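To start, the structure itself, in structure tokens.
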Amino acid sequence: MAIAVMLTLLFLTPLFYYTPLVVLSAIIISAMLGLIDYEAAIHLWNVDKFDFLVCIGAYAGVVFASVEVGLVIAVAISVVRLLLFVARPRTSVLGNLPDSTIYRNVEQYPNANHVHGVLILEIDAPIYFANSSYLRERISRWIDEEEDKLKATGKTSLQCVILDMTAVGNIDTSGISMLEELKKTTERRELKLVLANPGAEVMKKLNKSKFLENIGQEWIYLTVGEAVEACNFQLHTCKPEESQPWNNV
């Protein structure tokens, strides 16, 4: 194809000298329309609207400006998407699936039961300076909403907040500061903060920052189920120190 293009540019371009521009434009437009994959665009729209936006942005940039502009638009939209995902990670409330010790998102599994007096939150991203403030505010709103809900129903007041950190692959100093502030907030509300399944890298940094001593190793557990059992033990006996801690720190 490269050789054919070279020979055309060298020897055949004089033949197109007297061709009207409208004809040349029609040839270019016809060739361009053949490059458009409508089915792929429809597939992107059905699967991920943001990917479709990237596709349309690149297409518009190439058509109305140049290939370079189209690439810049596509890369810029992709970077914005990445920053949004990092700065606003997904958090969700977990509930217990009936007849099991498995805890899942209550929105994804409507049959999951809330644990009375316990709020279980899942953080689905590493905790960095870019999202630590958002996570602190979001968790505080979850706590406020849960307390208001329990007061309205007249059920047991909120006693424990469990953070499922299975998906937290890493944490920086801003994230650790966020956890420290969150612990102070829960203590002012007379709530107990519990961590479930933090990773090895996270545990290493929490240990070096003395946060483990602050929260107490007896409130760090391998699974959400064990954390819930410890919170239930506190609710019924008010002796949380007798619960089984996670010793593999």
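One is the number of the first residue shown, and numbering goes on along the chain from there.
Including glycine, each Cβ sits where the backbone N, Cα and C put it.
The transmembrane segment feature in TrEMBL is assigned to 15-36 (among others).
Look at TrEMBL and you will find 56-84 (among others) tagged as transmembrane segment.
Per TrEMBL, domain 'STAS' is recorded for 108-231. Per-residue confidence over the domain 'STAS' (108-231) averages 90 (mean pLDDT, predicted model).
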Close approaches to the transmembrane segment (15-36) from elsewhere in its chain (Cβ under 8 angstroms; 6 or more beyond its ends): 59, 63
Sequence-remote partners of the transmembrane segment (56-84) [C-beta within less than 8 Å, at least six residues beyond its ends]: 32, 36, 41, 50, 130
